[in-house]
Structure formats: C-alpha cells, structure tokens
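To keep things clear, I will list the structure first and then write my remarks on it.
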Amino acid sequence: MQKSASAASLGPGGIDLSQIFFKPTQNTSTPSPTKRHTKISVIGTGNVGMAIAQTILTQDLADELALVDAKADKLRGEMLDLQHAAAFLPRTRILASTDYSATNGSDLCIVTAGARQNPGESRLNLLQRNVEMFQGIIPPLARSSPDTILMIVSNPVDVLTYVAWKLSGFPSNRVIGSGTNLDSSRFRFLIADHLDVNAQDVQAYIVGEHGDSSVALWSSISVGGVPVLSFLEKQQIPYEKEALERIHKAVVESADEVISLKGYTSWAIGYSAANLARSLLRDQRKIHPVSVLANGFYGIAGDVFLSLPAMLGRGGVLGVTNVHLTDEEAQRLRNSARTISEVQSQLGL
Amino acid sequence: MQKSASASSLGPGGLDLSNIFFKPIQNTSPPSPTKRHTKISVIGVGNVGMAIAQTILTQDLADEIALVDAQPAKLRGEMLDLQHAAAFLPRTKIIASTDYSATVGSDLCIVSAGARQIAGESRLNLLQRNVALFRGIIPPLAKYSPGTILMIVSNPVDVLTYVAWKLSGFPSNRVVGSGTNLDSSRFRFLIADHLDVNAQDVQASIIGEHGDSSVALWSSISVGGVPILSFLEKQQIPYEKETLEGIHKAVVDSAYEVISLKGYTSWAIGYSAANLARSILRDQRKIHPVSVLAKGFYGIDDGDVFLSLPALLGRGGVLGVTNVNLTDEEAQRLRKSAQTILKVQSQLGL
C-alpha cells in the first residue's frame, strides 16, 4: 500500500526509518493483493458529504475512503481532520483530491455535490445548474470505476439519479438515489416515539418522490408485525384520513424544520447513507426505500427514478419488493412519477 | 422512560395509540429502574460538541445523551437531526435544553462550549472569554450531577480544566481535560504513516500543555514494543535533535493547519473525546495523556496546575498517573510547561 507523499520522511527534512524498522522474512514474494479491499468515494465535502464520510469511517465500512471536491483547501482540511483520529480507529486509508483519478477502483461512489438554491431561483434553474455539475462529475467517476455502484444524495435526488444513470451509461441496478430512506426513518421515529418502542420494530415506508408528492404506505405499516391500520379497525378505534395526512406532512416538513433551526441537515442523512452503504457492500439483502428505475412497477411507464422498497446487496438493486398498494396509494405513486417526469422532460437528456 | 412531549399524540391533533398498542401482562409491578443507564451530557452544540455527541451516538456509548447550549433554535435542530436517525441506530434517548436541569443524573459531562479559536489566535487568547462562560456552566452541572465526571474540551483546555475544578468543588479525580490525547494521536499518526504500520502499534505521548509548550516524550516512543531512539542508536543511525523538534512542531501546528484549511477542527477531537468517554464509562483502565491535577509529579510543586500526563482512566475517573521515566530535559520542559500555565492562571483570581 502506498504511503502518502508527506510520509516519505518523518518530519520536514527528516529521518527515514521506513526501510530499516521492519525487516521482511526470507524468500518472500510481493504481498498478495488484498482480495477484499473496499473503497468508497465521497464526492462533495460539505456538511452532508462529511457526515456521510465520517459515519462510514466510524462504522468501519471501508478499507479506503476517497474524498473529492472542487475546493482544495477545504478538502485537505477535512482529510487531515479524519486522518488525525488514526489512533482511535481501525486503520483506514483516507485520501483526498480535486482530481477524479483518486476515485479509481471504488466499490461505491456517493455523490453529495450540488449547487445551493439562490434566493428567488426557480427549482428548474437550480436543477439545470446541478445537471451541468453532474456532467463534470459522473463521467469521470464512471471512467475511474467502471463497475462501481453510484449512490446519489444531491437534491432533487430522483431527477439527479436519472441524470447520473444517463450520464454514466451504467445498468440501472448500479445507480440508486438515497431517496426516501431518510423520510422513512423519520416516519418510523415519529411512530416509535409515540408508542415508546424501538424504531427498528416499526416497519413503515414512504415511497415515491423525495419531496412534496411522496406517498406514505399506511396500509403497510406494522409494529412488531402487527399491521397498524387493521389493528385500529379491529379495535374499532376511529381515525380520520386527515390525521394520517398531517403525520405524513410532518415528515415531509421535518427536513425544512431542521434547516430552519440549524441551517442544514447532516447527521441523519449521514447515518442513512452509511446504512445503505452497509447493505450494499456487505451484501445484506435488506429492503430499503430508495430511488430506483421505476419503469414497469405499479403502472408507472417511462424512464423515471423514484423510491420503491428495494432489496439491496453487493450487486446493487437486486429487485423491488412486491408491496401491496391500495388503489389510492398506487394512484398517488403514479402522480408522483408524473411530477418527476414533467421536470425531467425539460432537461433534454 | 418518559416520552418526549410531542409524542403524546401521533401527529398534530392526532391519534393516541400509546395505551392500546401494547398490553401489560398480569400482576406486573412498575418496570425496575435500569441499573446500568449511562447518561452523557454535552455542553455546546457547535462543530466540536456535535462531532463528540454524534461519535458517542454512533459508537453506542450511552443510553441517554443530553445536549445543552444557549442557542435554542440551533440546539433543537441538532437534536432533531440526531433523532431522525433512529431507524439506523440502537435506541438512545436524546434530549436537548437550554436549561441545565436536562443534565441531571449524568455520568459524564463534556464541556465544549467556548469561543472558537480564530486562525492565528493562540489558545491563551481565548481565555478570558471562556472563564466568564464557565461561571454559568460548571456550577449548574455540578449541582445537577454531583457524582459526575467532568471532561473539559474547551480551549485553553488546561487552564479551563483548573477553572472547572475550582468552580465545581469536585475531587480532582473527577475533573479531566481532553488535553494532549489528540496531539498524541496526531503524533502517532505521523509516525505510523511513515512506517506504514497501524497507529495503534505506535506508543507515543505528547504531554504538558495542550499548546505551544507541549513536551514530546521521545525517550518513551516505541513501535510494537521497540523503543525508537535506542533502536536508532543501536543501528548507528544518526539523527539530529532539530529533526525531532521539527516533527513535534508539525504536530503542534496540525490544529492550526486544519483550522486554516477548513475553518475549524471537529472530527478528530470528536473521536478523541469519545475514546476518553469509553475508557471512563466502561472502566477500561487505559492510559491516556489527559489534563489532570499535576501537582506533585515530576517536580511540579509550584501550585495547583492541570496539564497532560499519562493517566490511567476508568469509571472512577483518574485512577492514577503513570510513572514514566522522563529524561532530565523532558522533566525540565514539563516544569516549564507548568510554569507557562500557572502564569496565566494566576491572572484569573480563582
């Protein structure tokens, strides 16, 4: 494994102990290439990118972590800040470069880079700026790691995942968007907090657009295996459709609430992306609501990416779960798909 | 365990399923109080405080985390951003308040509140601002958790650990500063990176002031148990004292370098503090260079001063200081470091 250039001598104009401190045994051959060497690249070292990178590091998900950004100083500072923790972590190689060659041989590339919305700017205009940015990001990533899995986090995630798919030329199982994985976690948190139960015992999906037209799958929510709505009906407990819609709305507004309070979100999306990375790279075959090519599911026609409950593993998207949707849920999902397609069609890709 | 107020109904004006979804079994008594309920409070939700809190959460070191800060909106935002990850983490209760009563019953209180070190500003320049702040922080912490361990991270850490000790009235084993734990990690990283070996196989301490007058214990550095300087001498490899000083300086400058590049440091200190938290709360009896009451060690007799020494940490806090063999020069530098700190401390009138 190559040392960083600065380590060639210990200290400025310093001592070189590297050849003498450790002696190889007799008759060695060069070290076997490590068969399992997991490399993750994170593009964009803003709050989101760094929360993702740091969580991946703490959770020991990779042997090598590459950071790429356009701002060289910030990038180097973030790399050093992670490297300085070496004594407290399992050994992970951390590198950083403004050049995409640093991402060579990545098993997973996570893209968080994106323009921030200017005051008064239309969503479409913001989108067009991000598409341009992706034209400088996706092709080099695909060249440097032709077999990698691309995970898009930048917003609007569904459209940008479609863009990444088009620009990379990858098969659709290797391009996903973080989608509603986090919305679903927030949803599960709300329900779990109310019932004072562990959030991991709450199965609840939000699917569709990661945005205003997302769809809460009320008919599929269960706690410890007990479907919530049927439970209410059996117990003859009345509930109003509006109450459910308000809960869903609270989830959709969660991100805006955090942004209005602390200026941005970072930790939760960091955990969400690391969670997806783990399912993919450790071949966990777990089901996550993430943005996938939805063409052909639930009556959705046309190339559009939106979140569906998908089984993820080392091969990327292994399949979409055949969840039973009510007619209304399926209709809302198709509306969500149309919302996204409308925007996409203006991009000329 | 109490639910958050907002969870009493599901959604605004919403459903209350809480009493019907789970039915208790017959003849129960109220739940036994959990004997092992570890609570950590983090004071200050800036970049450092949040890196510490988030690392503690990811590493599953606590059952309950309380966040305290003066800015309520930022505080609430940070709390929500951690809570929203509930589906991805073991269940940890996360609370936040501008009121110190939220810290009641803490096993460990980590204080990161303080003005940020500006590029080029020495740690000592921050001092006056931070002492005033501590008068509003330490007494309430001590009041609400009289048995807690206080860990100070705010800079200048050695003086502020002394201040915290004075203001809390705690015995000295329960007041510790993050000190040179991170400097030592940076030192070990440099050596490990050069030798292409795991940093955990490099034993190397920087002690004394967490600042310009820190002392690198060259005579005690070993890799896989092999003392480096004796190794060089046995191999008849010449080295210059200036080279060693250059390496030490690179470590001291590390923080300033990161600050000039990204504006502040966060991740490394987060891991460092979480590492200390783990040794303390899990009674690991591990040796860490942290800021402790140094009076009586290595000829430091002039007054009550806190500076980093290799200390054995466990559930009781500072269990002891390792009796490292210092060269005469290292001991002299350490005493000078103590004097530097005492000079500043004496101006505080505590």
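Cβ atoms here come from the backbone N, Cα and C positions, even for glycine.
The number of other CB atoms found within 10 A of the CB of A:His210 (active site, proton acceptor), across every protein chain shown, is 30. Positions annotated as active site, proton acceptor by TrEMBL: A:His210.
TrEMBL lists A:Gly44, A:Thr45, A:Gly46, A:Asn47, A:Val48, A:Gly49, A:Asp69, A:Asn130, A:Val153, A:Ser154, A:Asn155 with the feature NAD(+) binding site. Following the DSSP three-state reduction, the secondary structure of A:Val48 (NAD(+) binding site) is helix. Sequence-distant contacts of A:Val48 (NAD(+) binding site), defined by Cβ-Cβ distance under 8 angstroms and a gap of at least six in the same chain, are A:Thr112, A:Val153, A:Tyr264, A:Thr265, A:Ser266, A:Ile269, A:Gly270.
The domain 'Lactate/malate dehydrogenase N-terminal' feature in TrEMBL is assigned to A:38-177.
Annotation source TrEMBL lists domain 'Lactate/malate dehydrogenase C-terminal' at A:180-340.
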| field | Among A:Gly44, A:Thr45, A:Gly46, A:Asn47, A:Val48, A:Gly49, A:Asp69, A:Asn130, A:Val153, A:Ser154, A:Asn155, the record's NAD(+) binders - longest CA distance, Å | value | 18
| query | Which value does the mean pLDDT take for the domain 'Lactate/malate dehydrogenase C-terminal' (A:180-340) in this predicted structure? | reply | 93
| field | Structural state census, the domain 'Lactate/malate dehydrogenase N-terminal' (A:38-177) (DSSP three-state) | value | 68 helix, 26 strand, 46 coil
| query | Between A:Gly46 (NAD(+) binding site) and A:His210 (active site, proton acceptor), what is the CA-CA distance rounded to a whole number of Å? | reply | 20
| Distance from A:His210 (active site, proton acceptor) back to A:Asp69 (NAD(+) binding site), taken between C-alpha atoms, in Å | 25
